[in-house]
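The transmembrane segment annotation in TrEMBL covers A:20-40, A:256-278, A:299-326, A:350-372, A:393-412, A:418-436, A:467-487, A:694-719, A:740-767, A:787-805. Feature annotation from TrEMBL assigns domain 'MacB-like periplasmic core' to A:21-202, A:469-653. Per TrEMBL, the feature domain 'ABC3 transporter permease C-terminal' maps to A:259-378, A:697-813.
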Amino acid sequence: MLSIWRISWRNITTNNKKRFFITLLAIILGTSFVTAMLVADKTTKDVFDYYEQMYVANADYWVLSDEHSYSEEMISSIQNDSAVTGTLLALDKQAFFELESDHSLNERSVRITGVNDQNSPLLKLPVIEGSLDNKGIVITEAVANLLGKKVGDTVRFTNMGEAKVSAIVEYTQLLASPSNWERAESTSFRILAPLDMLREWTGQYNEISYMRFQTKGDGEELFHSLQQSFLGSSVFIQPVVADDLQSNDIGGIYTFFYIIAGLSIFISGFIVFNMIYTSVIERKKEFAIMKSLGYTQSAVSKLVLIEMILLALIGTAIGVPLGIWFGDMFIQALLSVFEFDMVYTLNWELPTLVAIIIGFLYPIVFSLFPIYNAGKTSLLFTLKMANERDGSTRLHILRAVVGVGLLCFVFIDHPVTYAAVLASVILLFPLLLIGLSKIFTPILKSFFNYPGIMATKNLFQQINRNANTAAILAIGISVILLLGAVVESAPQGYEKEIRSTYGGDMRVTSELSWSAEDITKLLSYPAVTDVKPLAEAAPITWETVNEGKRQFSVISVSEDGPSLFADLQEKDLYKALTQKSTVLLGDRAFEEWGGNIGQSIRMNSPSGEQSFEVIGVVKTSHHSGYVAFMDATNLSNEFGWTNSFDLLLTVNSKAIDSTRDQLWSDFGNHLSKVQTVEDEVESTTSAISGMNELILVMLLIIIGLASIGTANTLLMNTYERKFEIGTMRALGFTKQQIRNMILAEGLLIGLSGVIGGIATGIVLIYVTSKSELMEGFISFQFPISNIILAMIAGVTLSLCAAWISSKTASKLDIQSSLKEG
Amino acid sequence: MIKVNNLKRDFLQGQQRTQVLKGIDLAIEEGEFVAIMGPSGSGKSTLLQLLAGLDVPTDGDIQINNKFLNKMNEKERTIFRRKKLGFVFQNYQLLSTLTVEENIAFPLHADGKLTNEKSKMINALIHSVGLEGLNHKRANLLSGGQQQRVAIARALVNNPTVLLADEPTGNLDRAMAEEILGLFLKFHRQNKQTIVMVTHDIFAAGFADRIILFRDGVIDKVISRKDSDYAKYLANFMA
């Protein structure tokens, strides 16, 4: 006796092999796309977590100062405390590489961190070559390559001394350095040296910048007692928190790619729906016979459900491994775009499990309606079909009315507008297809002769299915165009945001707090028109509303100070901030915190644990919004951070380079960083520009996936029209004419999809550019290169998709096709 | 005009080879109206499909107007069919997306030429098959009889050398069948149209000049209107 599984298997593999294959291909691609995103996202998070964990190592707390360094005596009691199991002393010092090649001071600037034990468990350094012998310096592989140094080679530092390279290590956050000279203009190199050596070079004997230590248990008691004992001094203690959100916003980028993955699932799901729905319609007679033989409604539905389960299983079995491979390639591309010199291990276990569940479920979810419909087949199905025809006219009118209604959402500035516009595109596409086919008839006639005209007529036979297919292509194109426009606009948006919130033209950071004399000297520079001090307390640990530990910076602001955030009520916010225990959060910090305005946020300030009322959330370019702002007076008096290591200069734009050189020359002994607003714009926008290429690849994949839908639809149309194609052949249509007819149908679907997609994309870009929710971040523009690619790829891939069906149609046996009638 | 020599057609059914036509020899003169009759499976429809170039023989020759159909390739047969042959099907085989006029014009469009002269001819044909005023009506909205009239007009639109008809009245009631057969007779008489019609119906066959009876893949009997026992034969058959 045949099992129901075997019957279902035969149904999907015997009836329409090509259709089965194309549907399976769509499931495989959809599943692999989602798998790739899940694997890439998880792996990327793990990579950043790994590097963050490597940075914090086994340390539980660290003792820092709001001055550059402090006396080792301040922490001698901690070193002797029985609750402390390990300590690491570090001193940071700015220096310059002494190089044979010609590079500016700016490019040669290097921060040397002297540590008392390079092998400490509180410091994890993955050695590639050499050893951590506490005698020489430790550099990353990227720096070694750039400087052309090997283990044992000598590196010289201007006015300090020289040391041999004792170890070359993998990328680590502590030693994050530029990998090319271009990036070296705005980012300092970082290397590790023995503490004693650095002290000898600098004369800062007995001084440290910070101490890390590990405790038995959680060390909470010691932490609180030290917090109390450091009160009133420049020294303060912070728990060590692994939080890298201030230095990267890669999570936000994945939101972007998840939208595309969702789109691919939607397109694949639609292809599955189309296939199974047509299959059910074709087999109504078969179902009716089954029911007449005693099959129940649920038994018939079960038969179709099992067919879908089999397809989903095969699709998942192939799609998931393929997706893992895609994910690996995607991470490589992403890390290269963002110039991260990171080593990663693919984390596929959990994402694979999730992908298997998604890959298995979504084809079934998309086919639920046809499955139900199969079971509902009436024994008097012929009569029912006659009734359905009347109903479908009403359905067309309803579809158009609802479509127009949803399109009106473009006038509403709300996120739901996007969903409404996309839904309206699907609903209105039959009208668009009818209109476009009339417009294109003369063109098709000139290209394909009479088969071109027949193609336009044929499209009306299954107008909903053909329109849905074109609509899916249109939605794919429009969403990618929108995302592409966002990516293209983002540099301008970021630049606008950076320039309006940077607070000046140049930010100069020193190891020592800036004195009044320094400021006077700076104001004497002919190109410098203004100098404003900036106090940034970092690192400051804080708690989310769910009591998660996080870490960011708190920056001082005042009404007469530099403008560091953008808000319409900027003046009111400055005024409100003068109230005690108040703070403003950057948008990303606010999101991560999870609370509401008016609630309090707990922070470990240099003056101990404190709560601050969050009075607002603002947009700022500083640390990509993962930051807090506090009134300058409150930061000093209440928070306990008194020094300013940064100055914001307003500089004549023509004299930026000369000013930078002069700064290094005059303050080189304590200057640690000079960054211009242009540097900040460049470093923020360069990676985004690189994402354009990824977007183009995504566009091609989405159009390819939608074209699989076109191939599937045309194949179904061909099989349904066997009788008519047979008749045409009998009446004298050659095989070539049949092929041309199907190609013209594919071209029309593809062209409609592309035109509809471009039009919808432009509407979405316009809506986004005008949206107050985006705060002018995106400007209205035509993403010309993406539009051209969409047109070429859309038309070409649609023709390729049609070619499959045209081959099938031209090979149909005339006699058996005629019998279909 | 039509010459068939030693025509054979075999079909494979699984492992078994079935010979449907077992060496037919047949000649049909220009302007002749021939009906082919026989029980199901006797090979009459297969012969018609071979004459239309929709199928190729296993062996033997088919000549129409001195052209060997069996020596043509697939494309040549298709072009020959649309230029020289007209075909009327039992179930009309109209294209549902096209109007009456468009259905009739289809073979001309397929040939890439629709001159004003041809357009006038289409109108004349619509008139002659009695479908005036229905030019722009969708074919699938017509009655069975009207659809078959469209099919006849379509078959005649290219001035075919031969009109082939496969059970043209099979789906029609007697009155409608008589009207359709009347049309066949009209074109046969007015235009000297050669007609080869396959039918089960002796009433329909009675309109022909000659009746060819098939049995088990061979010609069993040929009766001509000129034969003295023609009327008697028909009467017996009907009885």
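Glycine is treated like the rest: Cβ placed from N, Cα and C.
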- Ranking A:21-202, A:259-378, A:697-813 by Cβ pairs under 8 Å to the domain 'MacB-like periplasmic core' (A:469-653) puts first A:697-813
- Message: Between the transmembrane segment (A:740-767) and the transmembrane segment (A:20-40), are there three or more CB pairs that fall under 8 A, provided the residues in each pair are separated by 6 or more in sequence?
- Response: no
- Task: Give the residue counts of the domain 'ABC3 transporter permease C-terminal' (A:259-378) per reduced DSSP state, in the order helix, strand, coil.
- Result: 100 helix, 0 strand, 20 coil
- What are the helix, strand and coil residue counts for the domain 'ABC3 transporter permease C-terminal' (A:697-813) according to DSSP? 99 helix, 0 strand, 18 coil
- Looking only at residues six or more beyond either end of the transmembrane segment (A:418-436), which have a C-beta under 8 A from one in the stretch? 396, 399-400, 402-407, 409-410, 459-460, 463-464, 466-468, 470-472, 474-475, 478-479, 748-749, 751-752, 755-756, 760, 763-764, 767
